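Trainee: Handing you this structure, nothing more for now.
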């Protein structure tokens, strides 16, 4: 998820075309010769009219009759006034109410309003915690519509929550065609939930976290399961390259390309007569690529996050060995480069910024910006030290980066200004708020935690267990933010979900 800095607009007076000077009761010019007036006064009037015109007009023909004072009149063609674009809030709202989509200046004004809203929204957000019951750690989330968010958890639960009523609807997970009976209950959970560009398909993990599951929207009927010749370990990341092509990254160090055939949709809504379960196809990847082994840490090349650039048709990935990888993504994947990241500990999140053609990588203490067009990092990394707990979720919209930390807070960074957004305050209620110099930080609530885990694993009396914010997603049309997470410590069972609006 480029806006140029807004420039000063000319005033209405500057946009209008001045008319030739002269008395208002002046008689209109005629074609016949006129004998009144002197030559000098006539010349002065011509000079004055030429000097006050904003742009040169057609030459005024002069007809002369006889000698001496006899001369023709100058024909001045009156220029039509240009329409004035009034860039005011009142005119904008009037035009929008009347459906004036093509009104001059409205498109640019709407862009300025959106940019201003993105910049000012964080300081206006207020939290309402959602109740999720005993679910453990929300790892992934996406808005389905204005009221519903679909989430995946560490306890391998896929559910939809209504942010107005807190109602939870669980979604059945798809099972492999040949279940692995030797594999115990999954301890990985669902790390990725992604919608295709048209929001008609949802990709996530299956009951086996090694498999890719695709559901149809808005019904959430199962479409297909990628469990054939695919990943051998947990899926950590998913990205859509088009409406029918998805790519997944796994802990086994591979990236897989999946083609979802639209013909599957009709068959997926049929039902088994005996089991009462929906039918879905079982598919294989069309291409698989292995992450190259690093010389420094060859055993830890797990793919942790993916991001797709639709503009460049390129796929970026980060692996836990501290490398960033880039592929050209067409019908297959062709690797372009692999480079060592400047901050290589706990690289667990990645996003692409269309506004600046940048990849942003979250690590233990920094967010690094990669501009691959320049072959260098020309935007300094931002430091997000929050108790050493690292960056756990990351998103970019226009020029604002939202950072979810492992210490229960949200930070906001302006790429244009290359600084964090600041709190705004006023000396008294009658004054306009101004930046205070303090970093704007939204601190999330306590959520829910299993008290039995506290008694078994931690010292009694310790109450400060902030939630790691593993996921967040915006609903920009309604200016809402969903945030999910849970305790950072692996031995603690709990969850956090909040609606910020």
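Cβ atoms are placed via backbone N, Cα and C, with glycine included.
Residues or ranges marked as region 'Disordered' in Swiss-Prot: 1-67. Look at Swiss-Prot and you will find 1-37 tagged as compositional bias 'Polar residues'. Per Swiss-Prot, repeat 'WD 1' is recorded for 185-225. Residues or ranges marked as repeat 'WD 2' in Swiss-Prot: 230-268. Taken from Swiss-Prot, the feature repeat 'WD 3' applies to 298-337. The repeat 'WD 4' annotation in Swiss-Prot covers 384-423.
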Trainee: Per-residue pLDDT averaged over the repeat 'WD 4' (384-423) comes to what?
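Mentor: Mean per-residue confidence for the repeat 'WD 4' (384-423): 88 out of 100.
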Trainee: Short question: which residues 6 or more past the ends of the repeat 'WD 3' (298-337) have a Cβ under 8 Å from it?
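Mentor: Hits for the repeat 'WD 3' (298-337): 233, 236-241, 247-255, 257, 286-287, 289, 291-292, 344-352, 354, 357, 359, 361, 370, 372.
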Trainee: Near the repeat 'WD 2' (230-268), which same-chain residues lie under 8 Å Cβ to Cβ, leaving out any that are not at least 6 residues past its ends?
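Mentor: Contacts with the repeat 'WD 2' (230-268): 186, 188, 191-198, 200-201, 203-205, 209-212, 214, 216, 221-224, 278-281, 283-291, 301-308, 310, 313, 315, 317, 319, 327, 329, 332-333, 350.
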Trainee: For the repeat 'WD 2' (230-268), how many residues does DSSP put in helix, in strand and in coil?
Mentor: 5 helix, 18 strand, 16 coil
Trainee: For the repeat 'WD 1' (185-225), jot down how many residues DSSP puts in helix, in strand and in coil.
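Mentor: For that range the per-state counts are 0 helix, 17 strand, 24 coil.
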